Each structure stands twice: as structure tokens, then as C-alpha cells.
Amino acid sequence: MSTTEPSPENDRDPQPTTISTPTSTNAKLLKKIPAIPFRHSDKEGEDEQAKTDEVTTELAGEGPMSHDSPEILAPSSLGLNHIRTKSSPAPSPLRFSSATPLISPGQDDKDVAKEKPRVGVVDARADARARWPIPPHQPDQGKKVQWSQSKSQRVPANSNPGVESTHVGLAKETQSPRFQAILRVTSGRKKKAHDIKSFSHELNSKGVRPFPVWRSRAVGHMEEIMAAIRTKFDKQKEDVDADLGVFAGYLVTTLESTPESNKELRVGLEDLLVEARQCATMPASEFWLKCEGIVQKLDDKRQELPMGGLKQAHNRLLFILTRCNRLVQFRKESGYVEEHILGMHQLSDLGVYPEQMVEISRQQDLLREKEIQKINEKQNLAGKQDDQNSNSGADGVEVNTARSTDSTSSNFRMSSWKKLPSAAEKNRSLNNTPKAKGESKIQPKVYGDENAENLHSPSGQPASADRSALWGFWADHQCVTYDNSMICRICEVEIPVVHVEEHSRICTIADRCDLKGINVNLRLERVAESLEKILESWTPKSSVTPRAVADSARLSNSSRQEDLDEISQRCSDDMLDCVPRSQNTFSLDELNILNEMSMTNGTKDSSAGSLTPPSPATPRNSQVDLLLSGRKTISELENYQQINKLLDIARSVANVNVCGYSSLDFMIEQLDELKYVIQDRKADALVVETFGRRIEKLLQEKYIELCGLIDDEKVDSSNAMPDEESSADEDTVRSLRASPLNPRAKDRTSIEDFEIIKPISRGAFGRVFLAKKRATGDLFAIKVLKKADMIRKNAVESILAERNILISVRNPFVVRFFYSFTCRENLYLVMEYLNGGDLFSLLRNLGCLDEDMARIYIAEVVLALEYLHSVNIIHRDLKPDNLLINQDGHIKLTDFGLSKVGLINSTDDLSGESSLGNSGFFAEDGSKAQHSQGKDSRKKHAVVGTPDYLAPEILLGMGHGKTADWWSVGVILFEVLVGIPPFNAETPQQIFENIINRDIPWPNVPEEISYEAHDLINKLLTENPVQRLGATGAGEVKQHHFFKDINWDTLARQKAMFVPSAEPQDTSYFMSRYIWNPEDENVHGGSDFDDLTDTCSSSSFNTQEEDGDECGSLAEFGNGPNLAVKYSFSNFSFKNLSQLASINYDLVLKNAKESVEASNQSAPRPET
């Protein structure tokens, strides 16, 4: 086997040089592949194997190598795979390799036979691996790019010296620990017997382990989900029956000790005894239908009672029954029962209950639909042209994962309250008519900025002259040259800083064309369609005349907008059919807005009239519209013929469907033409280079697929061949498929892309780690969630909801989200790392805060909730742990979507410490013993969490809306000022009673808290959600006199009172509410870092495709029905392009600011 060592190459694109095939027939298959050189000066790399050795020993779990170890043996001489460190692009035999052919042309069968004895020395496992050489790894890869650093963008083509070693030396090296580590990491897929059934979700680093009882729910299948919920309800009903038996015994004992003269108490206790007996003897199917009504009536009676033993008995009975009622409510919130009930709390006070309201609900729905239809018809007649011009914009998509309800259009039944609304509240509710609601529903939602709608209309499009000025902003204001470069956070390729803006837009379009899960031909077609639309919108420079320019200037904005609408429609709908548009919307603020933000601290309107700083990635227009809006200037940096040539190459490669050697020859010719197109580009990192590299990657993928198909046919027809030749063909097929060149494995984001630094915190559903992206050096916080835990806790939909919300939101007070991906056992969410810790940790250190500091924090929470509620998102899990502090000292909300499932799972926690004894009132001896064992089991597996911050309507299992968040704000404000939550107690049952009884230990006023703070907390903690402050929106909260000194317009830009002084990688500000005990992690199969390394190792991830992210059939793990549906996480992986582009902009703005400051400091001061 003839091999040559790779030359030290540029750190941007290290490339392999050779591959060998075992037969002369295969030698005709591959030809010499030309290189695509860069246009800058040559620079040779240094220390080519230093980083590779570090990563190898780290992945293999061994310590650092000794400095006096023997001379490094190049793994390429042993036929090993490339070690995927993800700090540089994976190697390609088809890219930039004109200096060395894929196979030595003069090599024949004899040469192959001579080389076989050398390969035989290696372990048998090496025969199954691909024979690609390991490219050099530059030491500066994976580090942040310094702005003063000039990087070469050209790959040298120097000759590579061969590796000379004897058979004895080779045998000695194969026994070294370092070689064994490399062998373990780079070993390919191993064959396994077909008769062995593998449950990959049951495996961890230590082998097979059993999970606790699985509770199955299938995502997206209504029947299975309903059956799973009912199964859990039936099991919960058994526990409730046992608790009711104990409660009935308590009532009998109380009745015996109550004197006959106290008739009122005796009658009340007897009624509760009858109610408890009826509930306990009621079948589960009947109780499922009547549970909500029973809880509703009991709560109405409870509110009429004075404090005393009878009210306490009602509290205890409600505490028991709401465990089942919350499951019923969870089923309604999941969208499987559509009950439109409009009365909320006032109707239950009048004696009107769900069975009486169905007809009223239907009539109201019909009236509301008629009103909305009339409004739609009027608006269609009045503004038909404007509606057409705004169709192509990236309209915000309402996120309705957490259902929003209000006083007149609720899908849920809320708890009743004794107090009727005051006159002011009635006036407020009268103004909230169905017509007004219909108008608000049909308004287009644009995240973060309602004024962004203007950008979709012709009036919102800047003129050509304005575009030219805008496109020149970065170069004019920063004066950057090609000497300054940075790594693009989208494609992780080095680009000139001067072209960051244009490249970010172009790179996003190219990345979206290359969606995962679609065959390569379709992706090439999408690339071709994008290029075709770009060509249709641009005028070739050679045909531009003064008359043509004048005619172009006179084009109507409406006709231009129609063209852009068509482009947006094809690029947004056709290219993104696999992922919702709201999850892929990429847009960048117009440069004048960015200029205003950076130079004059400009602001933008939020949903309720307040002004907050614009987000760098607030969706406004589609990315194709924004790209084409500057085409007059971009055409000076691009070439029409080159783009047209890229289009022809993409189409021609996509149309290659014949499996044969002629197709491979044709693709090599196309690659040669592609090389010259990219080489002759007029500017770096723009359309020609960015789309050219994307086409090149797709061409590689299709080339490898065709090679695999050809070799598959040869292997199938080689039964009559000698064993040696047949085995060689098998190795060739394996080489093509298992090679790290496989683009589908290379392009997927994985945990290997990140270097795990340290754990940050632990929550009820997962753990958070501090990590660094190897390619860029950026710090992120990675939330790690076990698939098995998510399924067992019925949290699959919850984590998907959190992911979707994080993708959709754009607000300075909400944490930013960048990636989501999976491996065999874990789910990963990658978010921005905020080194200031959280509010809970701050309170643990300081005890409590003064009012001025608390006022700022609560005001920022109010702005965050104002934004979330404007896009129909209810947080429902607000607590100090979920309020993070960024490096500037401002608040950011996190942990979305977990409150709903977290509430259901916390049912066991809310069961309290009441003992069941040995005698139940309704239960028999067998069921008593079984229930006692079940309670012990629940204590062991109880879900961590606290109900301190939950609103009473959530605890009672009733419907709830946005006002539930305002209740939590009141609890947080009390804790921030006093030091403890207002309803804190030793047991969950006592906390439950304190909340529904509104038992608040008020501090002295005004000695300990001010009158304004007391009044705000009192109004936020109002039992009736309709009368609670914030019921009509965040405006009334912001107008409270507690916030009289707050400037809402500039709050996000004000300097915070507490600014973290920690280093970027410091996690000392985080103090987890839950005890971190690594010794307990053996239940889950190892330590914290085992989840990130062993279970998601290099070899397992390379062979794990997106469609294979499943947890297998759950029929064998649940007590529910026999499900044939698999839990699939195939759509979980996501790359948030808009937020990654915002990092590019943040870096450029930061560099511009530092340059201005440096110039100001160096400028001579005028003499006075």
C-alpha cells in the first residue's frame, strides 16, 4: 500500500492527500483531483501533531504523554481514520489536492500485494477502517481569532516525505499505549450478530443497566398519549383512594370528639365525610369526568368558611383531590379537549358550572368567528395591495405551546373566587370585547418589534442610493482590511472582517439550502434555485448602461416587492418544509438601525409601548430580501458569469443519476471547473466562494455515494472471485462509508464540538455545564438531559416546547439559544453562558436586597414578561433560580416549557408527610400494604422542586393564564426584600395550605418595607386572577408607583447596581438549590462527565444518524397499552443561524468600539 505523508497545511482547510485501493480495477475509478488554491500568501503550519495528540489522549481517557516518548508514528501509515477534533473542517480527498492524486497512477496489484504484510501486523480491527491519512492539526485552531492577527487563506502544496520504519519498529509501536488510544478512538463500526436485539437507550459506559418502570407516551399520537395519561390517572386514583381512607378516619375521629352542640361543625365534617366516601368509591372513569367539578365546588365552599378546623379539613381534602385534577388539567392543556369556557371565576360564583356552559361557549364562539370574519373582509377590501406586499416578510409565528388565556376567551376552567370584581374591574372587562380580541388576533406578530412590519411594505424599502451607503457602513466606520479576519460562527470558516455582514447573510442562505435529512440531489437543486433567483435580481455589470440604471431607478417598489415575495416564498417554503419557518427565520437589522444602536443608543418600540434596545437578530425581512436589497453594490464585488457557472455546475451534478464510471469522470470534470470559478473570484467570503464551497461539499457527498453504489454492485457480483480480492473490495466499501469524510456525520453538531470545562448547576430535569466551542473558543452553557429521564417523567413534549420557545424569542431579557442536538442517551441545549450566576445564588450570599436594587431587577422581569406575553408565551415557572444575571448585571429569563410537566411530576412531592398508618377507612389490608410500599417508592423517586412560587389556580389544577406569572413576580419581590418566600413552610402540604389561604407573614411597614412595595406585593398576590394586578397587561404593573423612578425606555442600557467581576470561565456565582452529589450519579451510569464522553463517543456518534435518535419501543417498559410507536428525537437537532450571525455582529461592533477607544486614547489632547 503506497502512502505519502500530508504536508503541513493552512489551519483553515487541512486536506488529506492519498487513498489506496486494493485492485487495479478500482485504480481506474478515481483520478487526479485538482486543487482549489486560495489567493493569499503561503504560510506553512507548525507543530502539526501537537493538538491531535492532546485530543487523542483525552478521548482515550489516558494521561498526558511523556515528553521523552519515542518518535511520533504517523497514523496515516497504519491506515487509520482521521481523528475528529472538530476544531477544523474534516478532510476531503476531493478538495485542494491537485498536488497529490487520490491513488498512485502507477500502482498495480503487485504493489498492493507487497504492502499487505505490513498491514497484517496491525490489529485485525484496523482492516475494517478507512485508509485516509490524518491531516496536520495547527496549534492555533480552536482559539479565538485576535483582531491584530493576519491569517493566510491559501493552502501550500509541498511534497510530503514518506514514513520509513521497519517491521520490528512497527510491531513495537502498535503495542504502545498511545497507539492503543488512537486505535480505540478511530475504530469504525463493528459488525454485530443479526440475532441480537440491541436497546441502545439501555446502554451506558458500563454496559447494560435496567431502568425503573417506564411510563410511556408517544409524541404526536393522540391515542397513545391519552391512554398513557389515563393509565397514570388510574394509578394516581389508587393512591388518592388510600389517602381518602386515612382522611375519612381523621374525620370520624374528629366527629367523635366534637360536642353535639356544635352542629355547624358536625354538619360540615359529615358532608366532607360523605364527599370523601363518594370520591373513594367512585370508579376511575367516572372520577375522571367529575373530578374538576368536585374540586371547584369544594373550593367555593372553602372560601366561605372562616379560619378554623373545618376550613383546614377542606384544605386537606383539596390537597388530596388536586393530584388527580392536575392530570385532567394537563390533558386539557395538551390540546386534546377543546372546551371553550368564557366565564372564568365570576360564573362559578353564580352557580354556573361546565355542564351548563357548553351551549353558551358554542354561541360565543360563533359570534366571535363572525366578528373576525367581518373585520377580515373590511381589511381585505381596504388594504389588499398592502397585504400582498407584506406576504414575503418573516412574520412572527405565535408560539402557543403554553396556552394563553384571558378573561373572555379561555380554553380552560379556572378556580372560582368568593370576591366578585369591583366596578373598575367590570369596566375593564367590558372593554375587552370579542371584537377587540378578534382585531388583536389578526394582527401580524413580529417578535421584538411591531414597527418591523413597515419593512415589508414598499415604503420600508430603502432606495438604491441608501442601500449603497448602508452596505458600505462596515468598511467606512471600521476601516478594516483583509489583514483582519475572524471565524464565521455559522460555517466556522475564516472570513475577512470587512465582509462579515454580507457573508453572514449569504452563508445563512447557503446553510438553509443544505438542510439535513434531504437527499443530495434535492439540496443541490435548492442551491441552484437560490443562485437562479440571485441572478434574476442582479443585472450583469457588463450590461449596465446609464439608460438601464435610470430605468431600474424608475421601477416601482411594488413590482420589485413582488419579485422579492416570489423569492422569499420559494426559499422560505420550499427549502424549509422540514423545519417550521419560525425556527429558521434569519434576519439582520438594517444597518441604519444598528448604527443608531451603536452610535446614538437608539431604541425600538415593544409590544406595550415601552422602548427596549433592538436585538441584533430581530426577524424583520427574509434573508433573501435583505441580501438582494443591496445588489447594486454587491454586483461590483461579484461576477455574473461566475455565479451563472456555479448554477450550471449545481444543476449538472444534481442531474447525474447514472451509477457508473462515466458519472464519476463527469463529476471530477465539474469539480475542476468549480475550482477555477472559486479561484477567480473577485472577493472572499461572498456569493461565489460561499456557494462554491457549499456546492463542492455536496459534490463530494454525491461522489462518495456513487462510489459506494458501484462497489456494492462489485461486492454482490464477486462471489466467484478469490477471497483476497473479495476482502479487498469489502474494505473499499467500508472505507468509503466509514471514512470521516462522510458529510452527514461531519456536518452534524455534536458534543465533540465542545470542550467541557466544568459543571455549573443542577436542576430538576438536568444538569448544566460550562463548555467551549473548539473551533471558535466561544463559551456556552450546555444543558444535558437524559432521554430516558425525559420519557420516564413525561417531559418529552416539555423539552421540545422549551427548545421551540428559545428558538423563537428575541429579547434582551431572555437568554439566547444557539444549538440543540442529540446523542445515543442525551439531549443537549446550548445557550449563552451568563457568568453572573442567578438571583437565587445572589440571595443566598446577601440574604436580601435593598429596595432600589430589587426595583431594577423586578422591572427587568416585568419587561421580559411583557414581551413573552405579547407573543402568547406563559412562563409558569418563574423563580429566582430561573433569573440569570449577565456580565453587565442585567436579568435574563431562562428555563421555558418545564413548568407544565414539572407541575404534574411534582404531584408526588406535594403529597406531604402525612402518614397512612395501618388502618385505612375504605381500603382493605392488601391495598393498604401495597399503598404503603408505593409511598416509600415515591419518597425515593420524588421529583425535586418547590411549589412556593406557583399560583393557587395552578396548585388547584384549574385553568390559568398570564396572570399566573404575575403571582410569581409578587412572590419573588417578597423574597428579594424579606429574604424568604412568603408561603415558605417545612412540608409541601403546609406550603399548599399557606398559598390557597394566602397566609402571608407581612414585615413591618414602613420600617422593613415601604408602603409602595407592600401595595405592589399585595396586588400581585391577589387570589382572584381577574382582579390580580397585571390581568389587563403589563402596562398596569409598570404604572404602579413602586416603579415611579424607572425609565422603561433606557432600562436595558442603564448601568446595573451589581456587575459581576468574575473571569469568563468562573462559575463561582452559581449556587444550585439542589445538592450536587456525584456519588449518587452511579444510578445513571457514571459521573457527570461520563454522559458527555463515554455515552457519546467518537465512534458511536459517527455512525449515529439523525433518523436513529430513538429510544426504541416502549411497550416493554410501561404499564399502559402495548405501543408500537417509537420515541424519536430525529427533529431535535437545530442550528440557530440568526443568533450565530448575531455573534458575528457583536464581535464586529466590539472591535469597532475598541478601535474608537484606542484611537481616542492615542490622539493628542489639545493644550489648555
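Heads up, the Cβ atoms here are built off N, Cα and C, so glycines get one too.
Under the DSSP three-state reduction, ASP877 (active site, proton acceptor) is assigned to coil, being neither helix nor strand. The active site, proton acceptor feature in Swiss-Prot is assigned to ASP877; the stated evidence is sequence analysis.
Under DSSP, GLY766 (ATP binding site) is assigned to coil, being neither helix nor strand in the three-state scheme. The Cβ neighbour count for GLY766 (ATP binding site), using a 10 Å radius and every protein chain shown, is 23. Sequence annotations record features per position, and here Swiss-Prot assigns ATP binding site to ILE760, SER761, ARG762, GLY763, ALA764, PHE765, GLY766, ARG767, VAL768, LYS783 based on sequence analysis.
Swiss-Prot lists 39-54 (among others) with the feature compositional bias 'Basic and acidic residues'.
The compositional bias 'Basic and acidic residues' annotation in Swiss-Prot covers 107-130 (among others).
Marked as compositional bias 'Polar residues' by Swiss-Prot: 146-163 (among others).
Annotation comment: Swiss-Prot describes 401-414 (among others) as compositional bias 'Polar residues'.
Under the heading domain 'AGC-kinase C-terminal', Swiss-Prot lists 1044-1144. When pLDDT is averaged over the domain 'AGC-kinase C-terminal' (1044-1144), the result is 63.
Residues or ranges marked as region 'Disordered' by Swiss-Prot: 1-165 (among others).
Taken from Swiss-Prot, the feature region 'Disordered' applies to 377-444 (among others).
Residues annotated as region 'Disordered' in Swiss-Prot: 546-566 (among others).
Under the heading region 'Disordered', Swiss-Prot lists 602-622 (among others).
As annotated by Swiss-Prot, region 'Disordered' applies to 717-744 (among others).
The annotation zinc finger is assigned in Swiss-Prot to 488-507 on the grounds of an author's statement.
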| field | All-chain count of other Cβ atoms within 10 Å of ASP877 (active site, proton acceptor) | value | 26
| field | Composition by DSSP (helix, strand, coil) of residues within the zinc finger (488-507) | value | 11 helix, 3 strand, 6 coil
| said: Cα-Cα, whole number of Å: ARG762 (ATP binding site) versus ASP877 (active site, proton acceptor)? | reply: 16
| Residues satisfying Cβ distance under 8 Å from VAL768 (ATP binding site), sequence separation of at least 6 | PRO759, ILE760, SER761, ARG762, ALA781, ILE782, LYS783, VAL784
| request: Would you identify the secondary structure of ILE760 (ATP binding site) according to DSSP, in three states? | output: strand
| Around the Cβ of ILE760 (ATP binding site), the count of other Cβ atoms that are within 10 Å | 22
| note | A correct count of other C-beta atoms within 10 Å of the C-beta of ARG762 (ATP binding site) gives 19
| For GLY766 (ATP binding site) and ASP877 (active site, proton acceptor), what Cα-Cα distance in Å is obtained after rounding to a whole number? | 15
